[in-house]
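Heads up: the structure comes next, in structure tokens.
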Protein chains: 2
Amino acid sequence: MNFLEAKILADGVVKPGNVLKVDSFLNHQIDIRLMKKIGEEIKRRFSDVEFNKVLTIESSGIAIASAVAYVNEIPVVFAKKGQTVNSTDDKYVAKAYSFTHKKYNEIFVSKPYVKPTDKILIVDDFLADGEASAALIDLVKQAHAELVGVGIAIEKGMQPGGAKLRAAGVRLESLAIVESMDAESGFIQFREQES
Amino acid sequence: MNFLEAKILADGVVKPGNVLKVDSFLNHQIDIRLMKKIGEEIKRRFSDVEFNKVLTIESSGIAIASAVAYVNEIPVVFAKKGQTVNSTDDKYVAKAYSFTHKKYNEIFVSKPYVKPTDKILIVDDFLADGEASAALIDLVKQAHAELVGVGIAIEKGMQPGGAKLRAAGVRLESLAIVESMDAESGFIQFREQES
């Protein structure tokens, strides 16, 4: 069992409706020492490839993308949802369905921040149905940048996102893959991974 | 001139409508080396006081709050906007008007993450009208936690947020205070600060 799996068992809470609540350390309150270790572990798992930029999506991806960027000393770009008056640039736009908010979100990045010469590592806190990752990959493709891979803290292995990405030939590294969980007993089983 | 003022002069863009665009390094693409320096400088400015938690608001506050938390090795809590199915906890709720999005946002934190024993440093990327900071301070008060101060990357000194906070006795440290700016010439003047 790795450090993130151990943390999930210790402080994660399984809720009805297939919800794994980790907001005491990952996506509301952030355990910054844990986040550093996540950044280092994602760096380690992608140590055989080069990348010069980390791409994520607001909001909860920002902290983990920053952690990966810190240990690699490279910039983060976070895709934004919706539009603001401050975003007058040309943009790449993609659509992602949010099961949490039950609607389609348009996400975008300003064109100057994802270039054809960029080698991009996509990073996010969760992978479930894979909608956010697919939309981020779409942005990378539109920019004709190179996708190096996708680094995830927690993959919900019983949802199709991970399988879809792997079938599409995307290099996916998930630090913890939840194989099954049960709200009544609180039981969480992880997929075995080579360490 | 400090490092952040120099960076704003080099890479910030003044847009019509009183907009200072810094999304090439602060709130869309993130210059992670600059962010580390911002974290260290906010730590230095509050080095005479104790705090055990950094509070910010999603989304663009998360990277800078994480930077402050990294150098202090303490947790971040970010207040969320709106409601999600994953947030079934008891919450502290406050209202903040967003001039960017031209509507009131409800923001909240789950009660377990801001405790009466917490000494809170609020951190954000921008301070303009002060609506976000006021709402975060409201959350801290509701929790009966101690507010140590507010640390900001860029204060727009021609808007009333900073003056309101200082008049209310809040300790406010803004690394760069824009006194005036002009979209046509691109001119930016900073308020003089003791270094």
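Each Cβ is built from the backbone N, Cα and C atoms, and glycine gets one as well.
A:LEU20 is the only one of A:LEU20, A:LEU34 that TrEMBL places in the xanthine site (with A:ASN27, A:LYS156).
Secondary structure by DSSP for the domain 'Phosphoribosyltransferase' (A:33-157): 40 helix, 47 strand, 38 coil. The most densely surrounded of the binding-site residues A:LEU20, A:ALA128, A:ALA132, judged by C-beta neighbours within 10 angstroms, is A:ALA132.
For A:GLU131 (5-phospho-alpha-D-ribose 1-diphosphate binding site), applying a Cβ distance below 8 Å and a minimum sequence separation of six or more within one chain yields A:ALA96, A:TYR97, A:SER98, A:PHE99, A:GLY161.
Averaged across the domain 'Phosphoribosyltransferase' (A:33-157), pLDDT for the predicted model comes to 93. Annotated pair A:ALA128 (5-phospho-alpha-D-ribose 1-diphosphate binding site) and A:LYS156 (xanthine binding site), C-alpha to C-alpha distance, rounded: 5 Å.
Every protein chain considered, the tally of other Cβ atoms within 10 Å of the Cβ of A:ASN27 (xanthine binding site) stands at 22. Nearest by CA distance to A:ASP129 (5-phospho-alpha-D-ribose 1-diphosphate binding site), out of the binding-site residues A:LEU20, A:ASN27, A:LYS156, is A:LYS156.
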